[in-house]
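> Please find one structure pasted underneath; my questions will follow.
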Amino acid sequence: MSDRLRLGVNIDHVATIRNARGGDHPDPVRAAQIVASVGGDGITAHLREDRRHIRDDDLKRIQQATDLPLNLEMAATEEMLAIALAHKPHAACIVPEKREERTTEGGLDAAGLHNSLVPLVDRLREASIRVSLFIEANEAQLDAAIRLGVPVVEFHTGEYAHACLDGDGERVERELKRISDMAALAVKNGIEPHAGHGLTYENVQPIAAIPQLAELNIGHYLVGEAVFVGLEEAVRRMRELMDDAR
Ligand SMILES: CC(=O)[C@@H](O)[C@H](O)COP(=O)(O)O
Ligand SMILES: NCC(=O)COP(=O)(O)O
């Protein structure tokens, strides 16, 4: 596995700001172009059922505007499957989704949903889309990912991020061990492990130091930081912290 940890930048919340006024500014496409210009490795966008940030037409515009691989985060629904098959992103990451949630709470229950995920994963795979599952780092979920034959899992780092915010060192260590153990087990089973959610300048380095992880997806914090220092500088600084951790 290469030492270079890829950085996928989630641009959802550029669209959140745009949508607050119903116009075209700020345009997530411009954000994607800046990410490309500063050496980001990919663009992540979550097309939610309620379209609260990224909208359908953004996907095509992002794909046309940059050569960076697009990682489309999508719920396991027929509607989203049809959209993924129409756009053929580089990767599709299947995420849990609740309309009333503020953000993605917890990972996909790949174990419980196994049978309904089989046809969805198969159809994405047949379309040569790299399928990923956004799961909690535990054996039951990883085992389901193995049985589904997906090439990638992304471990939800939300609980780790909360533990960091709470200053609870014991929980932080427990979360890091959980993610690190499952990353090693994923690689052993031929699955490429990624991680993301709630990562910041302050908490990214212990995650980035997990040698098996191949990619981090980071969004909300970078967009927030971009308000103060610009997106280019925010991505550059995150890249630097990730590189220093390896
Ligand atoms: C699945 C995931 O973690 C990202 O999609 C990120 O959460 C985007 O932001 P929202 O959850 O606020 O839509
Ligand atoms: N899959 C996680 C992601 O894309 C970014 O999450 P966040 O940094 O916006 O919390």
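Glycine residues also receive a Cβ, built from the backbone N, Cα and C atoms like all the rest.
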> From the candidates Thr66, Thr103, give the one listed by TrEMBL for the same 1-deoxy-D-xylulose 5-phosphate site as Asp12, His13, Arg48, His53.
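It is Thr103, as the record lists it for that site.
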> TrEMBL records Asn10, Arg21, Gly219, His220 as 3-amino-2-oxopropyl phosphate-binding residues. Which of Gly39, Gly190, Gly198 is assigned to the same site?
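For the 3-amino-2-oxopropyl phosphate site that includes Asn10, Arg21, Gly219, His220, TrEMBL also lists Gly198.
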> If the criterion is a C-beta within less than 6 angstroms of any ligand 2 atom, which of the binding-site residues His13, Arg48, Gly198, His220 pass it? List them in sequence order.
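Passing the 6 Å Cβ check against ligand 2: Gly198, His220.
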> Out of Asp12, Glu73, Glu154, which of the recorded positions is least crowded by other Cβ atoms within 10 Å?
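Least crowded of the recorded positions Asp12, Glu73, Glu154, by Cβ count within 10 Å, is Asp12.
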> Scan Arg21, His46, Glu154, Gly198 for recorded positions whose C-beta lands under 6 Å from an atom of ligand 1 and note them, or write none.
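From Arg21, His46, Glu154, Gly198, counting a Cβ under 6 Å from ligand 1 as near, the near ones are His46.
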> Can you tell which of His13, Arg21, His53, His197, His220 has the most other C-beta atoms within 10 Å, given these are the recorded positions?
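That would be His197, with the most Cβ atoms nearby.
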> Can you tell me which recorded positions out of His46, Arg48, His53, Glu154 are within 10 A of Asn10 (3-amino-2-oxopropyl phosphate binding site) by Cα, answering none if there aren't any?
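For Asn10 (3-amino-2-oxopropyl phosphate binding site), the recorded positions whose Cα atoms are within 10 Å come to His46.
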> Which whole-number value in Å describes the distance between the Cα atoms of Arg48 (1-deoxy-D-xylulose 5-phosphate binding site) and His220 (3-amino-2-oxopropyl phosphate binding site)?
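Distance (Cα to Cα, whole Å): 15 Å.
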